[in-house]
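In what follows, a single structure is set out as structure tokens and then discussed.
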Amino acid sequence: MSILNKVLSKIIGSRNDRFIKVLYKTVDKITELESKMQALSDEQLKSKTQEFKDRINNKETLDSILVEAFAVIRETSTRVLDLRHHDVQLIGGMVLNDGNIAEMGTGEGKTLVATLPAYLNALSGKGVHIVTVNDYLATRDAQWMGKVFDFLGMSVGVIVSNMAHEDKQSAYLCDIAYATNNELGFDYLRDNMAFTSEQKVQRILNFAIVDEVDSILIDEARTPLIISGPVDDYAQIYQTINHMIPNFTKQIENGEGKEIVIEVAGDYTVDEKHKQVFLTDDGHGKAEHLLIDAEALPEGVSLYDASNILLMQHINSALRAHILFQKDVDYIVQDDEVVIVDEFTGRTMPGRRWSEGLHQAIEAKEGVSIKKENQTLASITFQNYFRLYTTLSGMTGTADTEAVEFQDIYGLETLVVPPNKPSARADKSDKIYLTTQEKFEAIAFDVANCQQIGQPVLVGTSSIENSELISTLLEKNNIKHEVLNAKQHEREAIIIANAGSIGAVTIATNMAGRGTDIVLGGKLSEEATDKQKVDWKIQHDDVIKAGGLHIVGTERNESRRVDNQLRGRAARQGDVGSTRFYLSLEDNLMRIFASKKMASMMQKLGMEKGEAIEHKMVNRAIENAQRKVEGMNYDARKHLLEYDDVASDQRKVIYQLRDDLMSVSDVQDRFISIRVKVIEQFFADYISAELMEEDWDVEGLHNALKLDYSADFPLKQWLDEGIDIDELQLRIIQGLSTICDHKEKIVGTKPMREFEKSVMLQTLDHYWKEHLAAMDYLRKSVNLRGYVQKNPTQEYKHESFAMFTSMLDTINIEIVKSLSSVTINENTNVSDVEQENNEGVQVQHEEVETLGVNDAELEIAKQNKFQKRKKKVGRNDPCSCGSGKKYKKCHG
């Protein structure tokens, strides 16, 4: 900040100060209503909810009733919980209601603050999600604050892991739902794998209040939620079919076009021009026989039955792998991997993979490990999930240091809400030692002194390993203590709640116990007797006399925010307290950024073993090092988001397609439209008005129609009638329509429509899953292009768009193939169509690396100004699938 800005800030206040000053005017209005609310009976107070809903239905806005609604919540909380919202809590509620981040210190009552915007926004009937970091906090807060909402006639749900499907659906329908961030994200992905609308649990993502917003939207931004499915069966199928292929023989043919003569009958023909292989009738029979022998196909079942659609695709991929793709020409085998060779440059393309099962088929052929690229069924980052909400807000004790990132990526402004009482915390200068052992011994000495005078101590560590090392040292010194980590949420909350007792010593990893206040004197039970309350008051006063809670940091973290979170555990709500960090030159941060200068300084000072440096200048140097690391981490997260935003845009298109399919009972019109489009393109590959008639590949068209669509049309006979190619194309389309109509007559209209929908959804899911795998490989390999002066991000966007449009075309083609070629008779049960069901599905929160981002790429990321997310696609905007059509005419 410049000197002029500092002077102006002192005179007129900072932007934050001015904003808070404006909100205080609204606080005064809420307070003016307090006596009026106090005069209401319980029934009159409860009736306010319906009154507000009626006013909203009569076109009043939520903002217009904010003052009254906040006054109602304040009075209800006072009556039900004996907790009255302080003025600063009302300000925090308004900050959240405006879709911003409220930074409020530990102990300022953020849980109570959330009731204000939650109640107001739930009046719209669209639902509010209050997001916490674990199941324990979600359940605790729902039970605790739920009493307020229940009094006012608002339904409250809790969404945690391992819930029954019906219970989860009910929870999402509640006015206000407390949920964990993980479960919300996984439910979103699971909903978009459902086959019926009734299977979905979430409704519109309306208003979210994210507690510990820095932890969820910053710390976990690089850890996507992933749903993966079983793949072992697919690997076995590829192996089984691979062993079958040598049994097939090529059909020998002579001549071209109309003059083809079969010299030696065989099991398949080859179309090298289009890089396709077609099974003959003999080949179909042999394939079925071999599959039955291998117990991959039940006896008496046709390969073209509804349940075997994917099996036929595997056979086709295996034939192409053996017949059309050659080792050391199309690909090489290197380090147990099949690596594609670019047909134009002759260079290998590490990380790239063929789709539609071809790459796995080649891996099976070459005897290398069959990669599980289809393992990921669905994936999303928290960054892109939470940006789906109409309004997003958050609260934490430490957000200001990440304000730029919140603004750039989420469009959220961070406002620091003043404390209810001025802080009395004493932040002591860091102590820096030469070695870790000296540091730990100094910590043990400090802890022992505090325990001796009855001052409670919280020792914060960066890892479970360090927690155990310090615990061992304290045990050797006979210092009684508790150790907790982030594994058992319920136990940690109990220990943290009592960490403020006289002489208590608690060792905790930095994140353990967040969300639970440390009360000086220990937590007082709600059922406490008068005597217990008196005893607690005595202990509370004794702890204050001893100096309040003392925080010991065992090392500086890479982020100042994490250090501030630890400091914030002390001196809640105006209590006394103190903090000190102990460092050594062997700590990671010091070793990387400050060790040489600091070690030189220590040597010049002639420091003895066990001595420490303690100076504000040292603190500033460490904070500068932290700023460097924070900047690097921010650049990496921003860079990764540019990649993920591409997948996010594509994900929205696919999920919208799924929703469109599930929302209608009759998809026939959509199928007919797809069929016409596919056949027109398919037809043009063989016969075109731009070609001379003798160059038409009528035989190839006939064979392809027979193989892919089970349609044996007399194309030559039709052409001999003198029809033009437009009429020929029309007859093919009509012929395929007749085939489908015949199948419908066999099974009935309703079952056929359900079958069509199932096949369309299944095909969409199958190729989307393959596309996700291909995108993942592309993202891992594209960074190498930075070395040849190409922007990897732009390369990724360009290629992924081409892959996406190709996938959409493939989906349409496969839908038409499947529905045209499937065998249906009187005994067929069309509900048996193989679906990509969710049996064996696993959810995981997977840690990802920075994708090998190098310095050059980070520089590119800095130069290319990062754009905030776009608004939702309007119905008249161009569709993001690249069709060139308006969204409403394409995927809208």
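Even glycines carry a Cβ here, placed using N, Cα and C.
If you check Swiss-Prot, you get these features:
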- Gln89, Gly107, Glu108, Gly109, Lys110, Thr111, Asp517: ATP binding site (BINDING)
- Cys879, Cys881, Cys890, His891: Zn(2+) binding site (BINDING)
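Close to the recorded ATP site, the chain also has Met104, Thr106, Leu112, Val113: residues not among Gln89, Gly107, Glu108, Gly109, Lys110, Thr111, Asp517 whose Cβ is within 8 Å of the site's Cβ mean position. Counting only residues at least six positions away in the same chain, the Cβ atoms of Asp141, Trp144, Met145, Asp211 sit under 8 Å from the Cβ of Thr111 (ATP binding site). For the ATP site, whose binding residues are given in the record as Gln89, Gly107, Glu108, Gly109, Lys110, Thr111, Asp517, the maximum C-alpha distance rounds to 16 Å. Sparsest Cβ environment among the binding-site residues Glu108, Asp517 (other Cβ atoms counted within 10 Å): Asp517. The secondary structure of Gln89 (ATP binding site), as reduced to three states from DSSP, is helical. Burial estimate for the binding-site residues (Gln89, Gly107, Gly109, Lys110): highest at Gln89, by number of other CB atoms within 10 Å.
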